[in-house]
Amino acid sequence: MKRAVVVFSGGQDSTTCLVQALQQYDEVHCVTFDYGQQHRAEIDVARELALKLGARAHKVLDVTLLNELAVSSLTRDSIPVPDYEPEADGIPNTFVPGRNILFLTLAAIYAYQVKAEAVITGVCETDFSGYPDCRDEFVKALNHAVSLGMAKDIRFETPLMWIDKAETWALADYYGKLDLVRNETLTCYNGIKGDGCGHCAACNLRANGLNHYLADKPTVMAAMKQKTGLR
């Protein structure tokens with residue numbers, strides 16, 4: 001039996017990964033992390049979607065220690081979430097230091113226990129947000145370290161790594177879940193479900209990708225299939 005664990009926030013990317021994983025694996029587990037994030041509504045959204053989509057199990061892990069250590073606009077209400085700035089340089093204040101290091105490591109421990117061969121995460125380098133822990137080289141390096149430390153070949157899969165946001169919408173549509181992803185996920189840094197607040201960086205990236213996809217579905221769908229190997 002093929003098993004996988006999806007790092008699941010209830011947002012567009014991780015929900016699309018879950019939808020695909022349910023088609024590719026016999027048993028899919030979800031793990032969601034409560035790190036005291038400002039947009040904590042995502043945890044309830046993740047619970048609802050994991051149940052609705054048919055995950056075998058869904059664990060919500062308390063990692064609020066991260067909140068004490070990692071200062072970010074996503075962990076401190078005293079730091080405002082910035083509006084999208086297309087020319088902004090450097091690492092944005094929405095970056096939570098160590099978040100993906102912790103999430104992927106804990107997901108791998110869970111995968112070890114449930115005998116899953118893969119940990120799936122929706123990180124992406126194409127629409128690079130300035131987060132160093134979304135890079136392909138980081139994921140591969142951590143995967144190598146975790147496999148060595150557990151003496152077990154647990155594979156970190158990043159199905160969205162080389163597709164852009166428009167193609168991520170195409171992937172959801174390929175599996176017949178575009179409306180679900182659009183209306184029932186929570187990507188917004190301000191904790192607003194669906195299309196979100198419309199002005200944070202996450203909402204801007206999501207909306208631009210959707211508009212691009214809807215404006216030229218055949219071309220974007222073809223590009224997504226070529227990059228992912230889907231038919």
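Cβ atoms are placed via backbone N, Cα and C, with glycine included.
On a predicted model such as this, the values are computed, not experimentally measured, just so you know.
Summary of the site annotation: Swiss-Prot records Zn(2+) binding at CYS197, CYS200, CYS203. Screening the candidates CYS134, CYS188 against this entry identifies CYS188 as the one listed for that site. Put simply, of the binding-site residues PHE8, GLY10, GLN12, SER14, the one whose Cα is nearest the Cα of CYS203 (Zn(2+) binding site) is GLN12. Neighbours of PHE8 (ATP binding site) among the binding-site residues CYS188, CYS197, CYS200, defined as a Cα within 10 Å of its Cα, are absent: none qualifies. Distance between Cα atoms for CYS197 (Zn(2+) binding site) and GLN12 (ATP binding site): 15 Å, as a whole number.
Just so you know, of the binding-site residues LEU18, CYS200, the Cβ with the fewest other Cβ atoms around it within 10 Å is the one at CYS200.
Within 10 Å of the C-beta of GLY10 (ATP binding site) there are 25 other C-beta atoms, taking all protein chains into account. The Cβ neighbour count for CYS203 (Zn(2+) binding site), using a 10 Å radius and every protein chain shown, is 20.
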